[in-house]
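What TrEMBL says about this one:
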DOMAIN    43-294  domain 'G-protein coupled receptors family 1 profile'
TRANSMEM  25-50  transmembrane segment
TRANSMEM  62-84  transmembrane segment
TRANSMEM  104-122  transmembrane segment
TRANSMEM  143-165  transmembrane segment
TRANSMEM  198-223  transmembrane segment
TRANSMEM  243-262  transmembrane segment
TRANSMEM  274-296  transmembrane segment
Amino acid sequence: MAVYNLSSYNTDAFTLLGIPGLEQYHVWISIPFSFIYLVATVGNSILLYLIAVERSLHAPMFFFLSMLAITDLILSTTCVPKTLTIFWLGPQKISFPGCLTQLFFLHYSFVLDSAILLTMAFDRYVAICSPLRYTTILTPRTIVKIAVGISFRSFCVFVPCVFLVNRLLFCRTHIIPHTYCEHIGVARLACDDISINIWYGFCVPIMTVIIDVILIAVSYTLILRDVFRLPSRDARKKALGTCGSHVCVILMFYIPAFFSILAHRFGHNVPQTFHIMFANLYVIIPPALNPIVYGVKTKQIRDKVILLLFPKGSQ
C-alpha cells in the first residue's frame, strides 16, 4: 500500500494558474495573444502550402524553411491554446502525462529550431561561398540525412528530461504558477532532490545551443568575408539581403530563449510575473514573425504570396 501511495503522487493532475499577479488582466492579455497566434498559424501554413505546391521553391533552402515552419507550429500549438484557455476560463488542470508531453514538445521544438537555424546557415554558406558545388553538396539524399540527423539529435537531448521528471515524487503542491509545463518549473514542485534535473536541464541544452550559435557565427563570418570580395555591387546586395532575413530570425529566436534559460538558473531577482510573461512571448513571437520576415525579405516567397492573395492584381 505504501508503494501505491507513493506512486499515486504522480497520478494527480497539475493546475496551471496563468501569469501570477496579472490574473485580472488575463482576458485583455488574451486579445493580442490570440491575434499573434492566428498570425503564426496562418503565416506558417501559407509558407508550407507555397513551398509544397510551387516547384520553383523546391530547393534546399526552402525545404529547411518548411522544417522551421513546422517546428514553429509545434512550438506555439504546444503552449498557446492551453494558455488562452487559462486566460478565458481561469486556472486549468493538466494531467501528469499531459504535462510531460507538453514539456517534451516545448523543449524538443526549441532544440530542433536551433538545429534548423544552423542548417540554414550552412545552406547559405555553401550557396554563397561554393555556388558551383551547391547542388553536388546538398543533394536530396544529403538533405534527408541532415533532417533526420537534427531531428534525432533534438529527440535525444530532451528525452532524458521526461524520465528525470517522471521519477520525481510530487507530495506537496500540484499548482504550477505558469501558463504551461516546462522542465525546471515542474521539477521545482517535487519533494525529491532535483540537482540532476537542474544541471542536466541547464547544461546539456545550453551547451547544445551554444555549439549551434558558435557554428552559425562561424558560417556567417565566412559568408561576410566572401560577400565583400564579390566584384559586383548588386551581387553583394543580393547576398546580404538573403542573409539579412536569416540573421533577423536568428536574433529573434536566441535572444529571448537565452534570457528565459538564464533567468531560470540565475535570475532569482527577476520578478516572476516578468519572467513568465517573457516566457510566453518567446513561444509565440518568433513563430509569428518568422514567416513575415521571410515573406518580406525573400523575393521568391514574396512574389508567390502576392500572387496567392491578389491573383487578379498581380497579372
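Just so you know, glycine gets a Cβ as well, placed from its N, Cα and C.
All TrEMBL annotations are machine predictions without curation.
Taken as a whole, the domain 'G-protein coupled receptors family 1 profile' (43-294) shows an average pLDDT of 86 in this prediction. Packing against the transmembrane segment (104-122) from elsewhere in the chain are residues 61, 64-65, 67-68, 71-72, 74-75, 78-79, 146, 150-151, 153-155, 157-159, 161-162, 180-183, 205, 208-209, 212-213, 215-216, 219-220, 246, 249-250, 253-254, 257, 283, 286: each is 6 or more residues past its ends and has a CB under 8 Å from a CB in it.
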